[in-house]
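Here is the structure we will look at, set down as structure tokens.
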Amino acid sequence: MLDAKYLRENLEEVEARLATRGSEVSLGRFRELDERRRALLTESESLKALKNSVSEAISKVKDKSQIQDKIAEMREVGVRIKGLDDELRGIEDELQMVLLTVPNVPHPTVPVGASEADNRQVRTWGEPPCFAFDPKPHWEIGEGLGILDFERGAKLTGARFTLYRGAGARLERALVNFMLDLHTERHNYLEMLPPFVVNRESMTGTGQLPKFEDDLFHLEGVDYFLIPTAEVPVTNIHRAEILKAADLPLSYTAYTPCFRKEAGSYGKDVRGLIRQHQFNKVELVKFVHPATSYDELEKLLSNAEEVLRQLGLAYRVVELCTGDMGFSAAKTYDIEVWLPGQETYREISSCSNFEDFQSRRASIRFREDEKSKPEFVHTLNGSGLAVGRTLVAILENYQQEDGSVVIPDVLRPYMGGLQKIG
């Protein structure tokens, strides 16, 4: 959520920067409500000052019969004050709802563009493998090895659900454990295991609500939601808290399943694991001092990249343009892994700096010292990594002509020493 004072003082600049996102964001309603709010506040405070002053004078008059008119007038003033305060509460509630639907302002360094075609490639790592045969897509490999069962997954639930079997299930579990070990032991993140169901306040705090409620799985009969990402519960761990500057940065990692309706994705990635309603992910979340948040973003990005480097998977890093960024982000990098079966790079992680956009919504603050005024922290997060897509990349990059798949060296201890599937 943007700061109302900053918005008021920089309205035209903010509108211009939000326009680069490609969404039609009009701040006219904010201006109307904000002006009405300030007018009501001024009138209410003026009447309260008058009422207090007159009431004090009345209290000093011994013969109240001489000032009955003034007493009656102050009763009317009290009624007027109540009416103003009631209207003010309604205006403030509506103003809050308007602010909750305004996206974050892109950082000045973010490239301006309309779509992913305008994203900027930052770097590449590794060389895509060369095969002496035509590489298969992961769904053919997985079905051929009997480790992915798309038909039974659909029977159990529906489209975009998959049953992992045998070595496929073990490989998924191995990836989760490998990622968590890497981030906790080498990168010094604290592991969390949060609830997979959260309340409305948590979804609002990270920016999923109120704007994207139709994209979420809502539980019937209770106002809870299945999480679309561990970002939601982990960021909200410190909702409505004041942290100590000396404790920053706080770095957390968590494995969770994620649940998404994937509204608007009809016809996209209809085969395989790329776009599922339920998938596993290891998330990285940071609470940082505003002065160091962009340095911390680069560190978080490097931590996510390290997973792919350890696995020997070629990838590239792209900086998202203004029109391709998520609602809450001020700056985002995507990591895209090479998939030979599709002959293209596909997103496997998004790493973002939200600045104080989420912390303002969730009231996550810090103090420099005991006497300092609380300030909003900056929040960052990124996938470290999407587990299913990492499994996809392993199947496609490590496939052999005979249909088998070689297990990357770093995963073999997690696979009981298994060197190859098939």
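A Cβ is built for glycine as well, from the same backbone N, Cα and C atoms used for every other residue.
Between the candidates Glu172, Glu283, Glu296, Glu319, Swiss-Prot assigns the L-serine site shared with Thr229, Ala230, Glu231, Ser383 to Glu283. A C-beta separation below 8 Å, combined with a sequence spacing of at least six in one chain, links Ala230 (L-serine binding site) to Met192, Pro194, Ala254, Tyr255, Thr256, Cys258, Lys281, Val282, Glu283, Val285. Ranking the binding-site residues Thr229, Glu231, Ser383 by the distance of their Cα atoms from the Cα of Ser350 (ATP binding site) places Ser383 first. The Cα of Glu231 (L-serine binding site) lies closest to that of Ser349, out of the binding-site residues Glu347, Ile348, Ser349. All protein chains shown were included, and the count of other CB atoms within 10 Å of the CB of Thr229 (L-serine binding site) stands at 22.
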